[in-house]
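Asker: Copied straight from TrEMBL:
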type	residues	note
TRANSMEM	32-51	transmembrane segment
TRANSMEM	86-109	transmembrane segment
TRANSMEM	154-175	transmembrane segment
TRANSMEM	195-216	transmembrane segment
TRANSMEM	236-255	transmembrane segment
TRANSMEM	267-290	transmembrane segment
TRANSMEM	302-321	transmembrane segment
Amino acid sequence: MENDNLIPPHKDAVDRRTASHSDSSRHHFSRATYILIYSIFPLTLILILYISPLTAALLPVLVTPTIWLFLHDRQRCTNERKDPQTFLWTYILTGTVGVTVVVITQYVLSYLCAAILFGSEIGEYMDQFSKSEKDLTESDPAVLARRREMAMRWQYWVFLLLLAFVFAAVIEECLKYSALILARRYGRVIHERNYVTIVMAGALGFSIIENIGFVYATVQAGQGAGQLALTLLERVVIASPMHALGAVVIGINVIRRDVYKHDLNLMHVLGLPVLIHGTFDFGLFAVSALNGNVGWVHPHGGWLLVALVWTIFMMANLAVIMRRRVALMKECRPKFL
């Protein structure tokens, strides 16, 4: 048994791992998995290629974080690696069924909230939310002045708070948590490290669909190579790692609760990831609003620098928190935090 586990193994976890060790290196995929790999994947790629060749060409860039996670896990000892089939289905189902549920829930809740806060002006706010940056460059000064006035109302700032902390952070972090719990129930989670790898797979499955959507929207809007490069940077270098780092914290908290039997409720497990996620999103929305915009529009001038500093600060904070959690779990055995 290796002694460099992410955390010291709980007896029950050791028993499960030992019992399954004899077949841990043999992966017998189900028929559904073979259909997914050899039929659904190719057809999906063909469909994306047909709809948007440029988006399809950029897919290798968008899946870079996923490839890194998969290869990083393969470097571990055989009995510490995740089950490929569980990894694959967690990734796919979170990115399809999970994203669908999240999008519908977010839309319904945000619309109801907007109806309460904005009243008869809800149509105007929704219209402003849908405008692209290219649309704004073609707008007259009166329209832009109206947007600035709308962005400064207290109702809009309350909406941003709810959007960032509830409709985005709470719902999306709950999706990552649910992906791990379902993977453990219906798949094979045989080592403590699998908790972290699988929840990261769920986070990246959600993120890849977001990334494809943002890139496709940028391509369709014809916003140019510079804007497309910025979108790729934001999605691959910032958004996906933020989702993944938050997932690591969730995975560690679930290990503490379920493997080491610490008395943690759902708020303890999800509280910190939700707080960081919501704070990050609200900060960016706030910068955009202070720049005179409704919804997310890339700021200009000094506000762009503020957004950049905020992003670096939040990513560094989350990375430090994640590293401290891992270090404490390796050093303190059952006495974590």
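The chain as shown is numbered from 1 upward.
Just so you know, glycine gets a Cβ as well, placed from its N, Cα and C.
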Asker: I need to check the long-range neighbours of the transmembrane segment (236-255): which residues 6 or more away from its ends have a CB within less than 8 Å of a CB in the stretch?
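Answerer: Apart from its flanks, the transmembrane segment (236-255) reaches 6-7, 61-62, 64-65, 69, 172-173, 176-177, 180-181, 192, 195-200, 202-204, 206-208, 210-211, 264, 268-270, 272-273, 276-277, 280, 311, 314-315, 318-319, 321-322, 325-326, 329.
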Asker: Quickly jot the same-chain residues contacting the transmembrane segment (267-290) by Cβ under 8 Å, restricted to those at least six beyond its ends, or write none.
Answerer: 151-152, 156-157, 160-161, 163-166, 168-170, 172-174, 176-177, 242, 246-247, 249-250, 253-254, 257, 296-299, 303, 306-307, 310-311, 314, 317-318, 321
Asker: As a test: from 32-51, 86-109, 195-216, pick the stretch that has the greatest number of Cβ pairs under 8 Å with the transmembrane segment (154-175).
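Answerer: Answer is 86-109, with the largest number of Cβ pairs below 8 Å.
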Asker: Near the transmembrane segment (195-216), which residues from the same chain, at least 6 beyond its ends, have a CB less than 8 A from one of its CBs?
Answerer: 6, 48, 51-52, 55, 58-59, 62-63, 65-66, 69, 73, 82, 86-87, 90-96, 98-99, 102, 172, 175-177, 179-180, 183-184, 187, 189, 228, 231-232, 234-236, 239-240, 243-244, 246-248, 250-252, 254-255, 259
